[in-house]
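> First the structure, then my questions, so here it is.
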Amino acid sequence: MTAIAVVGSQWGDEGKGKITDFLSKDAAMAVRSNGGNNAGHTIEIGDKTFKMRLIPSGIFAAKKGAVIGNGVVINPEVMFGELDNLEKEGIDISGLKISNRAHVIMPYHILQDTYQEEAKGDKKIGTTKNGIGPCYMDKASRIGIRVCDLLERDTFEEKLRTNLAEKNALFTKVYNKPALKFEDIFEKYLEYGQKMKKYVTDTSVVVNDALDKNEKVLFEGAQGVMLDIDEGTYPYVTSSNTISGGIASGIGMGANRLNTVIGVCKAYTTRVGEGPFPTELLDEVGDRIRETAHEYGTVTGRPRRVGWFDSVALRHAKRVAGINALSLNLLDVFSGFDKIKIATAYELDGKKIDYYPASLKELYRCKPVYEELPAWDEDITNVKTWEDLPENAKKFLNRVSELVGVPLVTVSVGPDREQTIVLKNPWEM
């Protein structure tokens, strides 16, 4: 197969960075198609840990480098900070390609994000306040500033003046906040444009040319299916399409070009921010999972909400994202546990259901129906093959695959690239 998409099948933070790094060593290029620096990913290579929010994970191994597609919203300051850190560690970034159609996060987007969240009080969404939502709002309103605009002084000046007039009216009259100054932004972002110029191109052409040559292309999704603007737990979602269908529009290619869609999940479930979470654990078991797995946000540092594995949510993700392979991470967390639970269905107002409700009110009333499985005592962090896994670990994995209806291709037993058990090579599916 020449085109593999990796998508989060839960609420993000599933460990997509690890599997994309693992797969990218055989890829010609790694491509990111949505989101911005609200989506943190951690890569561990040897004794080095890389925490990134914008640059694709495949920058470390893909033969022709990494691509940032038109569906991504770019904070130039964050991007260049990451690139500088990578260069200091000896990582070759010369193969980076940035879409000329990608939208740029401006200072007023970050402020708007912050002011809106503050104004909502108890009804806040729980955004990372990085300006992602307001940037996508401007994109949909057709007033956004794109990467190509930063390369044209007159175009950028006109758009920035127009947008600042609107944003400053909002800030001063609605939020009672100070106005932003044109001169504090204009030259700084023009300079970003010039610094970015050597990487900027029509990435749709780059990616489609690679696919036409039957080169292996790895598509990296950001966040997770349950945060998709259409298919997730709306309004507690992100501002972009995180399902595999969003990859096509976020790159500029036909949806039929994807061969395999790998859904990445944890052996349990986590969520950051507000919103329904049927299997959430608010007890010492949840605390134990959180501390064992170091479940704190890469971007915010916030403790993640923790719950048991939810096969109802996974089946929803499978259907809407076209997932046909599963990559499960953090199996090692359950070593030493007595038992593990899997939600096989929900109970809603006394009735058993096997679907994921659209209504928030219904979701908040849903109670998980659990199936209990025995855990294992063995340390599995050095296990390399399926055969060497404890029998109870195999039973758990088989049950997950059976309930979701998708075969497992990889199982992770630790953070390092080498701590990955490959059941089937996705490039050969």
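The count begins at 1 with the first shown residue.
The backbone N, Cα and C atoms fix where each Cβ goes, glycine too.
Quantities reported herein were computed from a predicted structural model and do not represent experimental measurements.
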> Please state which member of ARG101, ARG288, ARG302 Swiss-Prot lists alongside ASP13, GLU14, GLY15, LYS16, ASN38, ALA39, GLY40, HIS41, THR128, ARG142, GLN223, THR238 for binding IMP.
ARG302
> I'd like to know which of these recorded positions, HIS41, ARG302, is least surrounded, judged by other CB atoms within 10 A.
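Among the recorded positions HIS41, ARG302, the lowest count of other Cβ atoms within 10 Å belongs to ARG302.
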> GLY12, GLY15, GLY40, GLY301: which of these binding-site residues has the highest Cβ count within 10 Å of its own Cβ?
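Of GLY12, GLY15, GLY40, GLY301, the one with the most crowded Cβ is GLY12.
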> What kind of secondary structure is HIS41 (active site, proton donor) part of, going by DSSP in three states?
strand
> List the same-chain residues at least 6 positions away in sequence whose Cβ sits under 8 Å from the Cβ of ARG304 (substrate binding site), in sequence order, or say none.
ASP13, THR270, ARG271, VAL272, ARG290, GLU295, TYR296, GLY297
> Tell me, how many other CB atoms lie within 10 A of the CB of GLN223 (IMP binding site), whichever protein chain they belong to?
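Taking every protein chain into account, the count is 28.
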